[in-house]
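If you look up Swiss-Prot, you'll see 51 marked as N6-(pyridoxal phosphate)lysine, on the strength of sequence analysis. Annotation comment: Swiss-Prot describes 78 as active site, nucleophile.
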């Protein structure tokens with residue numbers, strides 16, 4: 001497997017820290033050791049997050065093409081678009097962001113605080129669109145790229161989650177390689193890695209990266225899309241493409257992709273009572289903030305799996321914290337009392 005042949009533009013601080021979650025582990029009975037790998041602390045660019053790791057492999061391609069405008073898409077409170085806006089500002093490029101109405105949540109300030117506020121502060125051209133949530137290529141995004149061309153610019157397309165981009169899975173192949181190096185320092189291997197999945201390239205990259213040492217099916221995706229079959233198809237397709245890119249040396253098969261579908265409801269972007277409990281529990285025991293859209297759902301999944309005995313006693317479980325806390329202010333009605 002050869003990731004090094006792909007150019008990478010440094011946007012992160014380096015390897016992200018692995019933090020033991022001692023109080024949460026003890027609260028859940030102490031039979032399973034929980035750790036978090038803090039992708040939410042990976043960069044000085046507008047709080048970073050998992051998309052910043054992915055963008056390190058897209059930026060060289062954008063620069064090689066002579067692009068002057070990064071064009072991306074997400075929901076109103078998209079973490080992806082905030083990270084793209086930050087990278088554009090860092091590079092001195094223009095940025096156009098399509099923000100669709102992906103979440104059926106009404107709050108007077110929902111489109112004025114959190115991620116979208118930060119994107120505007122960084123100079124992005126933010127375009128609100130009424131279209132609802134789905135996975136895949138969106139017409140509104142294609143129209144935004146055409147508008148840049150019509151104005152004489154040269155757009156560089158960055159799809160939702162970087163996931164439909166041919167290089168979108170590479171960053172999290174690197175995540176797996178990074179974890180292996182950290183395991184050598186720690187003196188043990190993780191038995192499971194828990195990660196939130198929606199558009200698929202984060203888990204897909206991990207599946208490929210951990211397939212190199214036989215742990216592909218130990219990557220436990222927690223679906224947050226509430227459209228799990230679409231998400232599963234994307235993860236599998238992206239993983240197969242990425243495996244070919246890096247020369248994994250074996251095919252990705254269906255059993256490599258593990259996606260737990262119990263925690264995505266009630267729908268994309270709306271938290272269940274279990275998700276809200278997980279968000280508050282993690283915050284109050286560890287001072288670690290998770291959000292109602294993504295990380296709260298994957299945290300809910302991990303906590304529930306520990307409680308249900310789905311991790312063997314003595315297991316060491318690594319929670320991939322992908323970011324998302326900047327969206328919390330958009331849900332102030334839910335968290336007004338903490």
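Backbone N, Cα and C atoms are what each Cβ position is placed from, and that goes for glycine too.
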Taking only the Cα atoms, work out how far residue 78 (active site, nucleophile) lies from residue 51 (N6-(pyridoxal phosphate)lysine), in Å, as a whole number.
-> 11
For the recorded positions listed here (51, 78), which one has the lowest count of neighbouring CB atoms within 10 Å of its own CB?
-> 78
